[in-house]
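These notes are about the structure you will find just below.
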Amino acid sequence: MNNRKVKVHQGGGVFEHTEWKNLRVGNIVKVEKDKFFPSDIVLLSSSYEDAVCYVETMNLDGETNLKLKQALEVTSSLNEDEGLKDFQAIIRCEDPNANLYSFVGSMELEEQQHSLSPQQLLLRDSKLRNTDYIYGVVIFTGHDTKVIQNSTDPPSKRSQIERKMDKIIYFLFGVLFVMAFVGSVYFGIVTKDDLEGGHKRWYLRPERADIFFDPDRAPIAAIYHFLTAMLLYSYLIPISLYVSIEIVKVLQSIFINQDIHMYHEETDKPAHARTSNLNEELGQVDTVLSDKTGTLTCNSMEFIKCSVAGIPYGHGFTEVEKAMAKRTGSPLLVNGEEYVEDPKDRNKKSSIKGFNFDDERIMNGNWVNQPHSNVIQKFFRLLAICHTVIPDVDEDTSKVFYEAESPDEAAFVIAAREVGFEFFKRTQTSVSVNELDPVSGKRVERTYKLLNVLEFNSTRKRMSVIVRDEDGKLLLLSKGADSVMFERLSNNGREYEVETREHIHEYADAGLRTLILAYRELSEEEYEVFNEKFSEAKNSVSADRDALIDEATEEVEKDLILLGATAVEDKLQQGVPECIDKLAQAGIKIWVLTGDQMETAINIGYACSLLRQGMKQIIINLEKPEITALEKTGEKDAIAKASKESVLQQITERKAEVSTESSEAFALIIDGKSLAYALEEDVKKLFLGLAIGCASVICCRSSPKQKALVTRLVKEGTQKTALAIGDGANDVGMLQEADIGIGISGVEGMQAVMSSDIAIAQFRFLERLLLVHGHWCYRRISSMICYFFYKNVTFGFTVFLYEAYASFSGQPAYNDWFLSLYNVFFTSLPVLAMGVFDQDVSARFCLKFPLLYQEGVQNVLFSWRRIIAWIINGLCSAIIIFFFCKRALNPQAFSKDGKIAEFQIFGATMYTCVVWVVNCQMALAISYFTLIQHIVIWGGIALWYLFLLAYGAMPPSISTTAYKVFVESLAPTPSFYIVTLFVVISTLIPYFVFNTIQMRFFPMYHGMIQWIRYEGRADDPEYCHMVRQRSIRPITVGFTARSLARTNPLNSSARTNPSNNRIPDHR
C-alpha cells in the first residue's frame, strides 16, 4: 500500500509522482478522482468552483453514502497547479488521535487566522468520488493518521469449552505425571531387588546391565525410566485435538456462511462468521443484549406525522399503534371513523422512500388554506434548510436525490420536498429551495445565504443554522430533542407548547421518534457579537475548544419561537416478534439497550412482544419532586447524592418485591440517568440481582459507554455467556465487551460489523444462528472433545497396562510407527466428520422445540460428570482390551505350526482391537449418519489393515517388529479374528447397555425429541404442544407466553411437573 504513488508539489507549481511512504508533513498533494487519500490531508481546493469534494469513507466506517467536504473560502481559488507556486500558510492543529469525527485546528494565511474543522479534513484510506481532483496539505502521516490510530487489535475471545478443555489437558497431564512417577518408583525398587533377590529378572542380565537396568544405580535408572515413561505415555494427551478443533470450526463457519436461510436477498448479504473461535459458544447464550434502532427496527425512517401550530397532521398508523389497539381492545380512529386494515396493504411499502405521510389538509398545496398557513410554511421551510444533506440532481430526469448522514435527515428533506419545499442546491455559502409561494400560487426559487452551521452532537441534542433570506432578515432555524428545546423557548414563543407536548407524548406512545422545530429572528448587532465569539471559539486549538463553542451557541440558541414537532417511524424488522418469542421459549433472557425515550422503548417492547399485558412494570427513574427541586438549585453534589440514594432505594424495594412474587412476570425499565448510578461499584450487584429476576429489561437513554458497562456487568455478574447485537458505531463497545458480538449490516454503516464476531443482515436470523447452528456446533464440539479424550485414554492406558505387565521395563506395546500414526490416520477422520456433520435432531426440530437449546446453556453435554464418564469409559475399554487379549494370547500355540504369540503379535492384535473399538464406539455415538461418516469410520479400519500389510512388506530395517507380522502371523490364524471380534463386542457392550437404558427410561431432551421422530408423532399437534410446555414459564416473554397468560395460568401442573411429559429438568 505504501508503494502507491501520488502527485506531490515540488515547487514552482510542478507536481511529480511520489510514493506514499515518502510523504512528509507539510507536503502539498494533488489527489485525482477515484484515488485513495495517502495520508490525513487538509483540503485546500477542488475542481469545483466552491471548493467542495465528495468522499467515500467505506474503508473507515463502512458507510457507502458520500460525505461532502469543503475547503476554506480563502483557499478555494487555488484550483490550478500554477496557483500553488507561491502559496504559504501555517497550520496549527491538535496532536494525532483516534477520533475520526473531530478535528481542531487553524490556518494562518496572510496574517489572518481561519478555523479548521472536520469539514476540511480528508482521512487516509477514504476515496475521492465525483470530483476530478483536489489539492491538500499533509498534516498526519503513517502511524499518526487517524485510521492507523484506530487500528487496535480486537479483544481476544475464547469459548468456555476451550477454557474447560485446557483444564482437562492439565488434569490428564497430572495423571500422566502420576503414572510415570509411580511406574518409575516401582521400577527403581524392582531393579534394586534384582541384585538383592537373586536376579528375579534374570533375562535382563543385571550383572552386566547398562545404566537403565543397573541394580547398583537403581535411583538413576528410575529417573531415566521416568523420562522414558513421560514420552511413552504422552499419547494420553491429545495434542492433535487443538488442530482438529480448528479444522472443524473453520468448516462449521463455512456452513454458517453458506446457510441460505440466513441470506437476505434484498441487500444481497449472507451471514458471515468473522471468527471461528466462538462457534460452540453460540449454543450456550444465556442473555441477549440488543440495540433497538436498526437492530429490532429497520433504521429506515419514514416521515409519518407532524404537529404544526398545535394541530396534528397525518392519518397513518404505526405497527406499535396497531399492537396497542389490539392490546387494549380500543379501535383506531381516522376522522372519527374506525380504521380497518386491508390485508393487501399490510406489507405494502410507500412509493416514496422515507415518506409515508397522508393528510389531504397538507398535501397538494392545500396547506395554504389552513388557518396557520404561515406557520406551516416556516415549518417545512425549516426542514428544507436546516440540515447537512447533499443534493444530487439526475441530469436525465431532473429528479433530486439526497445523500444524508442519517436516515432521519433524509426523511425530513424528502417530506419538505413532497409538501412543496424542494431543496435542490447547496454551495459553501448558500442553500437553494424551490418552494410554493402562497400568494401567487406558483413555485419560486429562493436562495438563503448560509452563514453558520451549529452542528448536532449527542451533548447538544440539537442542530441549528443561521441564514439570511432574500429580504435580508437574519434567521436562526433550530431542531432538536424536546428535552433541550422547550427550555429554550421565549415567553411569547410558547403559544402551542401545551398542545405540542401532548402530541409528542402521543407520538412517543406510538413508537415514533420526535424532534421539536423552532426559530427566531436575529438583529445585526446580536449576530455580529455571536459570530465574533463563535469564530474565535472555532479558531481556538485549546483543549476547551468544544466548551467555548457550546458557550457561544448557548447565547444565540435561546428565545426561540415554537413551530411544531416532527414524528418519524422506524419500523420493526420483519420477523422480530417471532424471533424474540422463539428465543424466549429457548430460555434466553433478552435485554434492550436503547438511546430512545422511555415511552418509545416501552411501546416498541409491546410491539415485539418483549412486554405483555399483565406484566408488572418496574420503572426506575429520577423524576421525583425532591430531585426536580434540587436540580433547580444547581448544586451538583447534592443532586448526585440525592439521585444515587433514590436509585438505591428504588432498586432495593423492587428487588424485595420481585423476590416475594416468584410466579409473577416483571419488566424492568430504567432510564439513562438512573442507570449511571445503578452501574456504580456499590450498587451494580443489587441492580443485577433485580434485573435477573425480571422477564425482560429495557435500558432507555443509554449512552454507548453505558451499553458496554451493562454488557460487562451481565457477563461478569452471571458468569454465563452474554451475546450483544447491534448495527451502529455506538454499539461497538457493547459488541467487543460481550462474549459474542453480532453485527447487523444495516443503514448505519459497517462499523458494528467490522467489530463483531459474526455478521448477519437481519435480527430474525439470530433465531436460526443460535437455535440451529449454535446447538449443533455446541453438541458437535462437546461430543468431539469427549470422544477425543476417550480414544486417547483407551490407547494410552493399553500402553500403560502393557508397561505394568512388563515390569515397567520401558518396552512399548506397539511398533513406533503404530504409536505415531494412531491419531493421524486411523482415528482422526471419524472425529472430524462428527464435528462437522453430526446432528442429534434436524433444523426443523431445533426450531420446533426451542427448549432443546437449554442443553447448551446448562452445559449438560460438556459437564465434568460427562467428561469423567467418557474418561472412565476409555479406561474400562483399555482394561477389557488388554486383559482379554493377554488372556486369549497367553503363551500357547497361536498358529497351527505351534508358534506362540510373541510381543509383536500381541501388540499388533491389541492395536487392531483398539482401532476397531474406538471406530465402532464412534459409530454408536453418532446420531446422524452420512456417506462421509461411513467412509471415514470403516475406511479408517480398512486403512489400518492396508498399512499393516504395506509396512510389514518393507525390509526389517524399516518395519522392525512389524515385518510380515500380518501376512505370516495374523492373517492365517483364525484365533486372531476370533479374539478381535470377541474383544470388540465385549468392550462396546457396557456403553451400549448404558446408552439404551438412558435413552429408554431417562432420556435427555434431545433424546425425547428423537423418540417423537421415531414414533412418528412429530406432526401430532397436541403431543408436540405438551412437550413444548416445558419451555413456557411465568417469567417467559414472547407472544406465545402472552397468549397462554391470557387463556390460562402459566404455572399449571402440566408445565411445572416434568413427569407429565417425561422430560427431566436439567436446570
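Cβ atoms are placed via backbone N, Cα and C, with glycine included.
Annotated features in TrEMBL:
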| type | residues | note |
| --- | --- | --- |
| ACT_SITE | Asp291 | active site, 4-aspartylphosphate intermediate |
| BINDING | Asp291, Thr293, Asp727, Asp731 | Mg(2+) binding site |
| BINDING | Asp291, Lys292, Thr293, Glu409, Phe456, Lys479, Arg513, Thr594, Gly595, Asp596, Arg701, Lys707, Asn730, Asp731 | ATP binding site |
| DOMAIN | 753-1003 | domain 'P-type ATPase C-terminal' |
| TRANSMEM | 168-189 | transmembrane segment |
| TRANSMEM | 222-243 | transmembrane segment |
| TRANSMEM | 788-805 | transmembrane segment |
| TRANSMEM | 817-837 | transmembrane segment |
| TRANSMEM | 867-885 | transmembrane segment |
| TRANSMEM | 905-928 | transmembrane segment |
| TRANSMEM | 935-954 | transmembrane segment |
| TRANSMEM | 974-994 | transmembrane segment |
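Locations of recorded TrEMBL features on the structure.
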residue: Asp291; record: active site, 4-aspartylphosphate intermediate; Cβ neighbours (10 Å): 30
residue: Thr293; record: Mg(2+) binding site; Cβ neighbours (10 Å): 25
residue: Phe456; record: ATP binding site; Cβ neighbours (10 Å): 20
residue: Arg513; record: ATP binding site; Cβ neighbours (10 Å): 20
residue: Gly595; record: ATP binding site; Cβ neighbours (10 Å): 21
residue: Arg701; record: ATP binding site; Cβ neighbours (10 Å): 20
residue: Asp727; record: Mg(2+) binding site; Cβ neighbours (10 Å): 30
residue: Asn730; record: ATP binding site; Cβ neighbours (10 Å): 23
residue: Asp731; record: Mg(2+) binding site; Cβ neighbours (10 Å): 32
Between the Cα atoms of the residue listed as 'active site, 4-aspartylphosphate intermediate' and Asp731 (Mg(2+) binding site), what distance do you get, rounded to the nearest Å? 7
Taking only the binding-site residues Phe456, Arg513, Gly595, Arg701, which one has a CA atom nearest to the CA atom of Asp727 (Mg(2+) binding site)? Gly595
At the Cα level, what's the spacing in Å between Arg513 (ATP binding site) and Thr293 (Mg(2+) binding site), rounded? 10
Taking the Cα of Thr293 (Mg(2+) binding site) as the centre, which of the binding-site residues listed as Phe456, Gly595, Arg701, Asn730 lie within 10 Å of it? Gly595
Mind checking which residues reach the transmembrane segment (817-837)? Cβ under 8 Å, same chain, six or more beyond either end. 235, 238-240, 244-245, 247-248, 251-252, 255, 780-781, 783-784, 787-788, 791-792, 795, 799, 907-908, 911, 914-915, 918-919, 922, 925-926, 928, 930, 932-933, 936-937, 939-941, 943-944, 947, 951, 962
In Å, rounded, how far does the Cα of Phe456 (ATP binding site) sit from the Cα of Asp731 (Mg(2+) binding site)? 19
Among 168-189, 222-243, 905-928, which stretch has the most Cβ pairs under 8 Å to the transmembrane segment (867-885)? 905-928
Most Cβ pairs under 8 Å with the transmembrane segment (974-994), selected from 168-189, 222-243, 788-805, 905-928, 935-954: 905-928
Here the Cα-Cα span from Gly595 (ATP binding site) to Asp731 (Mg(2+) binding site), rounded to a whole number of angstrom, reaches 11
Roughly where does the domain 'P-type ATPase C-terminal' (753-1003) sit in mean pLDDT, to the nearest integer? 90
